[in-house]
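Report on the structure given below.
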Amino acid sequence: MSYAELASYWPYQGASYVYAKYAFYPVSRDLAKLIALQCSGLYFLSFSFAAGEVNLGFAGYLSVLIPSVPTYITGPSVSIVITVMLLFGVNFTGKVNTLLSIIQILSLFLIAVLTISVSPFGPFMTTEFLAHGFSGLLAAVALIAFGQMQVEAVLTLGEEAKRPRINLPRAQISALVTVVILYVLVGYGVVSSTPVNDLAESVAPLALAVENIFPSFGKILIVIAALTATVTSTIGCLLGSSRMLYAGAREHAFPLFFGKLTKNGVPYTAVLASGVLALVATLMSVFGYASVLNILISAAVFSNWLMMILMNIALIIVRKTRPDLKPNFRYPLNIKNIPIMAVIAIVGCIIVITFVNPIAIGIGLIWMILITIWYFVYARKNWNFLTPEDIENLQ
């Protein structure tokens with residue numbers, strides 16, 4: 001919800017890149033630009049690697065329906081097709097994504113109803129409930145961030161939305177609520193109907209759960225739900241990744257080459273860069289480096305939690321240094337203008353990060369060091385700092 005309030009202040013391309021730049025500016029201009037660059041760089045990498053992983057999910061679920069089609073073809077193919085589709089612009093992509101999202105939500109809700117109906121109280125009737133204790137629960141929470149990265153992607157399209165100061169907070173909160181509800185319902189239903197160990201060993205756990213209940217109808221339902229879910233996730237990741245890169249490039253924080261636009265306003269070089277990196281990530285698994293990709297995904301998860309900490313800190317700073325700003329959405333539960341839930345979120349994120357793979361944390365820190373070096377070697381001297389008024393004039 002911190003993102004939603006920040007979006008109502010500055011509804012521009014790049015989301016957290018922009019929020020960090022303007023929020024930390026009263027503290028230090030250099031600090032603001034460095035944190036903004038970290039947001040842009042880390043999210044570019046995270047979204048792209050996440051898209052590559054999701055492509056593999058698409059291939060895995062498609063193979064359930066059509067076993068003869070090899071995953072090493074479908075995974076890279078869907079990455080290429082979606083990248084090309086994004087070049088047609090957000091209006092076309094948005095229509096496709098909206099249609100797929102409606103189908104996805106209806107399908108997942110039906111899956112939840114069917115699986116829960118088999119054993120409504122299944123998870124609470126086992127002696128293995130929380131078998132790994134709260135540490136296992138928090139480790140799972142750490143991974144959940146991977147599935148919710150696309151919620152941030154909604155905000156990266158600020159300048160391409162209508163009435164963004166009002167609609168972006170609404171879209172972000174609606175997306176978050178919808179995702180959480182579906183996660184809870186589907187997750188509860190799946191573990192109600194299928195042994196947890198079987199789910200852990202399956203490459204398509206959702207398909208396994210539904211097919212155990214409805215062998216024929218279940219397969220069709222799974223294909224509809226899983227394929228639409230993976231496609232919309234890849235679209236969201238690549239949109240977010242490309243806009244993060246573009247936001248930095250148009251201020252010369254990254255090479256201006258990545259800030260080029262088509263006649264329709266599509267940052268095509270940034271889209272292609274994101275698509276290529278996602279394709280490379282997919283091919284890593286295809287060529288036997290799945291374990292490396294898994295570590296990179298964990299590093300992306302670490303980066304995502306770190307960005308959430310920074311955005312909550314950013315909101316607190318804005319509240320104290322810019323009381324003149326009047327947001328269209330305001331974080332509830334405040335004491336002396338400090339959002340209490342943002343403080344709790346910071347503490348919670350720090351706790352969750354301790355359960356991320358240490359190697360992944362190390363890789364994430366290496367990314368941050370490299371981005372910091374880039375800032376002092378290139379971005380700091382080339383940065384064309386755009387104020388909110390400058391961005392408004394560009395539209």
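Each residue, glycine too, has its Cβ placed from N, Cα and C.
TrEMBL: automatically predicted annotations, no manual curation.
Feature annotation from TrEMBL assigns transmembrane segment to 72-92 (among others).
As annotated by TrEMBL, transmembrane segment applies to 99-117 (among others).
Per TrEMBL, the feature transmembrane segment maps to 129-147 (among others).
Per TrEMBL, the feature transmembrane segment maps to 168-191 (among others).
If you look up TrEMBL, you'll see 220-246 (among others) marked as transmembrane segment.
As annotated by TrEMBL, transmembrane segment applies to 266-289 (among others).
Within the chain, the transmembrane segment (295-318) has long-range Cβ neighbours (under 8 A, six or more residues past its boundaries) at 2-3, 5-6, 9, 16, 19-20, 22-24, 26-27, 35, 38-39, 42-43, 45-47, 49-50, 53, 142-143, 145-146, 148-149, 152, 281, 325, 331, 338-339, 342-343, 345-346, 349-350, 352-353, 356-357, 359-361, 363-364, 367. Marked as transmembrane segment by TrEMBL: 295-318 (among others).
Annotated transmembrane segment per TrEMBL: 338-355 (among others), in sequence order. Same-chain residues lying 6+ beyond the ends of the transmembrane segment (338-355) with a Cβ under 8 Å from its Cβ atoms: 1-2, 5, 135, 138-139, 141-142, 302, 305-306, 308-309, 312-313, 315-316, 319-320, 331-332, 361.
Marked as transmembrane segment by TrEMBL: 361-378 (among others).
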